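Chemist: Take a look at the following structure, please.
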Amino acid sequence: MTTGFTEPAKKHLGQNFLRDTSVIDRIVLAIAPQPGDVIVEIGPGQGALTFPLLKQHGDITAIEFDRDLHAPLQTAARQHGELHLIAGDVLSVNFSELAAQRSDAQGQIRLVGNLPYNLSSPILFHALDHAHAIRDMHFMLQKEVVERMAAGPGSKVYGRLSVMLQAYCSVTPLFIVPPGAFIPAPKVDSAVVRLVPKPHGKIEVADHASFANVVRAAFGQRRKTLRNALHGVADSATLEAAGLRPEARAEQVAVADFVQLANLLAAG
Ligand code: SAM
């Protein structure tokens, strides 16, 4: 499976290549590709997930930044199926345009990937910008990041990432993967998570920018009360109109309440 891949792993590109076939099998099983799906992999690397997916599905689009991997990926992919390789930075790939070009019957793509951990938050926020074009996402991330994504109010790790993701998606942690499953081994545990964007009409956020702004401000100073953290964004009367106590802290506020506050601000 690694024939032709001679380059050492590049740390600055977050290259930890999956080697444990039982983990790879579990991920493919969780994705469960169906005929007609358009599967887009972020960071195929040396093809650990790409080739098993290609064998099952026959057709995968993959976005890889590391130019040294392109030729060996294309060569090795030929025996498994059709690989559409996009060379470049995933953050500059417009998922909505990609979905418009080559989507399934619903106009959506399915995102998968063992993500470069240094870019996981930017990639998640980038995906959120195109949530309507994405049917679901299966990502391997640092376990600690998955815990933050799935956390609820009152948890120590509940924060901006939890609120932003849960407003747009259901977040389901699937399983934990130990460092030994990768070469080179990362320092921490990893976890696989499934994200399913809410159907178009079910997303209650009226204004994406206003919502993102409120959540950023509220958690920018998470030790402060909402009244202080949101100074200049929302006054106490607006907080109360949204059903929030100005003395509360962001870490105690439910996702739905942030949505309500942002919608009230956007309407005013
Ligand atoms: N999927 C492979 C696996 O599981 O073995 C590789 C996973 S490795 C953790 C992350 C991959 O993302 C690497 O192949 C790396 O080159 C690629 N990558 C890093 N930054 C990227 C970017 N900005 N855009 C696209 N791919 C990137």
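For all residues, glycine too, the Cβ spot is worked out from N, Cα and C.
As annotated by TrEMBL, S-adenosyl-L-methionine binding site applies to ASN16, LEU18, GLY43, GLU64, ASP89, ASN114. If you look up TrEMBL, you'll see 23-199 marked as domain 'Ribosomal RNA adenine methylase transferase N-terminal'.
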Chemist: Across all chains shown, how many C-beta atoms besides its own are within 10 angstroms of the C-beta of LEU18 (S-adenosyl-L-methionine binding site)?
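Modeler: Taking all protein chains shown, LEU18 (S-adenosyl-L-methionine binding site) has 20 Cβ neighbours within 10 Å.
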Chemist: Given the binding-site residues GLU64, ASP89, which one's Cβ is surrounded by the fewest other Cβ atoms within 10 Å?
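Modeler: It is ASP89 that, of the binding-site residues GLU64, ASP89, has the fewest other Cβ atoms within 10 Å.
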Chemist: Got a sec? Which of these binding-site residues, ASN16, ASN114, has the most Cβ atoms within 10 Å?
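Modeler: Answer by Cβ density within 10 Å: ASN114.
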Chemist: Have a look around GLY43 (S-adenosyl-L-methionine binding site) and count the other CB atoms within 10 A of its CB, chains all included.
Modeler: 24
Chemist: S-adenosyl-L-methionine site residues ASN16, LEU18, GLY43, GLU64, ASP89, ASN114: biggest Cα-Cα distance, Å?
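Modeler: With ASN16, LEU18, GLY43, GLU64, ASP89, ASN114 as the binding residues for S-adenosyl-L-methionine, the largest Cα distance is 20 Å.
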Chemist: According to DSSP, does ASN16 (S-adenosyl-L-methionine binding site) sit in a helix, a strand, or coil?
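Modeler: The residue in question, ASN16 (S-adenosyl-L-methionine binding site), is coil (DSSP, three-state).
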